[in-house]
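Per TrEMBL, these features apply:
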TRANSMEM  A:20-41  transmembrane segment
DOMAIN    A:53-232  domain 'MacB-like periplasmic core'
TRANSMEM  A:266-295  transmembrane segment
DOMAIN    A:274-386  domain 'ABC3 transporter permease C-terminal'
TRANSMEM  A:316-342  transmembrane segment
TRANSMEM  A:354-376  transmembrane segment
Amino acid sequence: MFKHLFKLIWNKRKQNFLFLSEILVSFMVVFAVFSSLVFYYQNYSKPRGIAYERVWAVSFNNSLKIKDADSLKMFFENVRTNIKSLSKVQEITYSSSNFPYANSHSTTGFTSNGRKYDRINTYFTEDTYHTVLSMNLSEGRWFNNTDGVNKYNPIVINDALKKAMFGTESAVGKLIGDEENAKMKVIGVVQDVKADGDYLTAGYAMYNRIDTGSRKWIGDILIKVSPDADAAFESKLYKVLANNIKNSNIEIVHLSEIHDAKNGDVIFPMTIFIIIAGFLIINVALGLFGVLWYNISKRRGEIGLRRAIGASGRSVSYQLVSESLILATLALIVGTFFAIQFPLLNVFNIASSVYLVALLLSLLFVYLLVFLCSLYPGKQAAAIHPAVALHEE
Amino acid sequence: MIRLQNIEKVYRTDTVETLAVNGISLDVAKGEFLSIMGPSGCGKSTLLNIMGLLDEPSKGIIRIDDQDVSKFSDQQLAKFRNKKLGFIFQSYHLINDLQVIDNVELPLLYRASSAKERKDLATEALEKVGLSNRLRHFPNQLSGGQRQRVAIARAIVGKPQIILADEPTGNLDSAMGNEIMEILINLNKNDGTTIIMVTHDENMAHKTHRLVRLFDGSQVV
């Protein structure tokens, strides 16, 4: 029977072109939706890498007139002491402006062992940075006082960069960078931090220790506050900051707020995309339903004949549903050919597993859609009275 | 072979009730070639459909091969039609998207048979109707007479005991009609197939063993 149906479909390929195109287009749309959803879900299901709750970020425009590095250091330490003396401050750290969920990015690249690594998020941090953000170390340690005088610049990298550079080997103690005067020594590895929100990848990350030279670029402070820190405390903190950092615009934001805003940047367009795709799929479903209905009304004579020569109502229904599924298979073979190019060509630099899972889900979805759309017309075909259908012809 | 007892068929709409077949009782013996004649709308085709189990009578009993088929389920009816009955229609009812051999194989798809078996039987049936050289043609590449011969091959491919022919020569000129009639007579004579044929053509009807005339749904002869 399968061979017979395939032959029938093949001989009617011109008439079936519309149906095939419709399934192909819907498959590509569904594949795009599922690729996005799988990508976001895979990222969402990974650990966040930090605890952002009760972390406040203070930004100030670093227009300090102090040019001398030692004086600048002393100034920063003074501010630190004054803030830390506040009762509801648990920990404090200076940071470059690209702290998690901030709208600031700083990336770099280097060559190590002849291999190039690009788009590495570079953070300038202090010894207490990982405590404030409750970061988890996978290997080695975070910065401490002993890192002040070293032959090689000490760095902490994240799991993703470690995996790319060293695979399953330990990274601690390894020197990276091919230029002799710019070699860096890995002292620790931290869990990936999804700095652009829960739905996006962490990417590669490298953490540097703020030194005397880099302090003049620092304009942000991260403060871990106690659970009872409220608006009144925030106001008090603001006053202390304003007194300490004169002639500067000071802004305090809560990491929880910018975290939610970052997630919103993904959720909002994705919701719009799903709604549009949903309408498109409803249209496709109605289209499929209409095409199948039309085919049945055109094939009443054939259905009557099949009933006359031995087909039961159920086998007529089965035949029509099977035909739709075979047609869907033909369209999906073409669709799969295009979809499989995404993981093969590493489009958008997204993991192959995202595309492969999305491909599988899309195939199942389209089969289900075609099955459901053909079920009722198939049932209607089974109900066609053979004598009437044969007489009409 | 076929026994109809007091068959009635009423078509009902919201406002009109039409009695298409009115109390017909008829016995058709095994190996008989019976023709049914009558003016248009007298119920010939309805009666044929009832005998072919394509339509249910409103009243009466049908027995085929000593089996009361009125209690058969849809599945049983389909199986019965497939095994015991062959149909020939005035408008051939061939599937234009399938080649001649595939059209002839159709009834065999609804029973357990291998692809080779189906092909052999279909080729044999087409040889019988003189179309063994047209296996790979499509119906629209054939003449009317050839199409009807394909339809006959399809009707006989499953070796049914009964063939029901609804005006098989109705769309053909007299030469072609005679050719088709010859094939049917040979099937009846050589294979012992019971044939019931609805026709408008007096000449064709007289070539059969028995003629039944209908008028306004009732048997008149």
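In case you wondered, yes, glycine gets a Cβ from its N, Cα and C as well.
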Stretch in A:20-41, A:316-342, A:354-376 most in contact with the transmembrane segment (A:266-295), if contact is a CB pair under 8 A:
A:20-41
Excluding the flanking five residues on each side, which residues at least 6 beyond the ends of the transmembrane segment (A:20-41) place their CB within less than 8 Å of a CB in that stretch?
199, 266, 270, 273-274, 277, 280-281, 284, 287-288, 291, 327-328, 330-332, 334-335, 338-339, 342, 350, 354-355, 357-359, 361-363, 365-366, 369-370
Grab the pLDDT values for the domain 'MacB-like periplasmic core' (A:53-232) and give me their mean, rounded.
91
